[in-house]
Amino acid sequence: MSEASPPASPATADLIDAHEAVLVSCPLQFRNLGGRARFHGPVRTLKVLEDNALVKSILSSPGQGAVLVIDGGGSLNRALIGDIIAGLAVANGWVGVVVNGAIRDSVAIGALDLGLKALGTNPAKSRKTGAGEADISVTFGGVTFAPGQWLYSDEDGIVVAPHALPF
Ligand SMILES: O=C([O-])CC(=O)C(=O)O
């Protein structure tokens with residue numbers, strides 16, 4: 001069932017100004033490909049390589065306002081998410097997805113009420129073997145993303161904190 005829109009998110013620059021000691025900023029230049037650039041929530045993680053069966057399975061389960069951080073190894077060879085999987089994320093209450101990799105169906109995904117940052121796009125399909133690991137720490141762009149951290153995204157970038165921040 002669709003959930004109500006998530007609460008408004010703060011600007012990442014304002015968060016850095018107020019909480020620099022606890023925040024880490026990810027320097028990778030992700031593209032904002034979802035309908036919302038601003039989103040925040042607790043981090044869940046996934047590590048996969050050009051295989052999206054686990055992506056579909058996790059985004060088919062209740063998100064409860066979380067952000068799924070997918071370390072796709074930076075590969076742009078195959079899309080880890082398309083409009084069907086992105087629609088599942090919206091329907092299941094995920095507020096956003098960060099993909100260190102590629103997606104496809106970007107025009108349709110841009111119309112969804114979902115945060116989606118990815119390195120780029122590629123129409124090629126992922127494999128569907130189910131290979132990968134969930135709920136582990138992943139590192140890309142020099143930043144480690146771990147379950148239970150809080151992630152804040154906007155048009156300027158992504159910052160992570162060890163806990164939820166007041167704003
Ligand atoms: O089937 C896939 O690999 C992903 C996809 O296109 C979708 O989510 O619509």
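Placed from the backbone N, Cα and C atoms, the Cβ positions cover glycine too.
Bear in mind that TrEMBL entries carry predicted annotations, made automatically and left uncurated.
Features as listed in TrEMBL:
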- GLY82, ASP83, ILE84, ILE85, ARG104: substrate binding site (BINDING)
- ASP105: Mg(2+) binding site (BINDING)
Additional residues surrounding substrate, by Cβ distance to the GLY82, ASP83, ILE84, ILE85, ARG104 centre under 8 Å: ALA79, ILE81, ALA86, GLY87, ILE103, ASP105, ALA108, ILE109
Substrate binding residues GLY82, ASP83, ILE84, ILE85, ARG104: largest Cα-Cα distance, in Å and rounded to whole number: 10
Which of ILE84, ILE85, all binding-site residues, has a Cβ with the fewest other Cβ atoms inside 10 Å: ILE84
Cα-Cα distance linking ASP105 (Mg(2+) binding site) and ASP83 (substrate binding site), given in Å to the nearest integer: 6
Integer Cα-Cα distance in angstrom, GLY82 (substrate binding site) to ASP105 (Mg(2+) binding site): 5
In three-state DSSP terms, the structure that GLY82 (substrate binding site) belongs to: coil
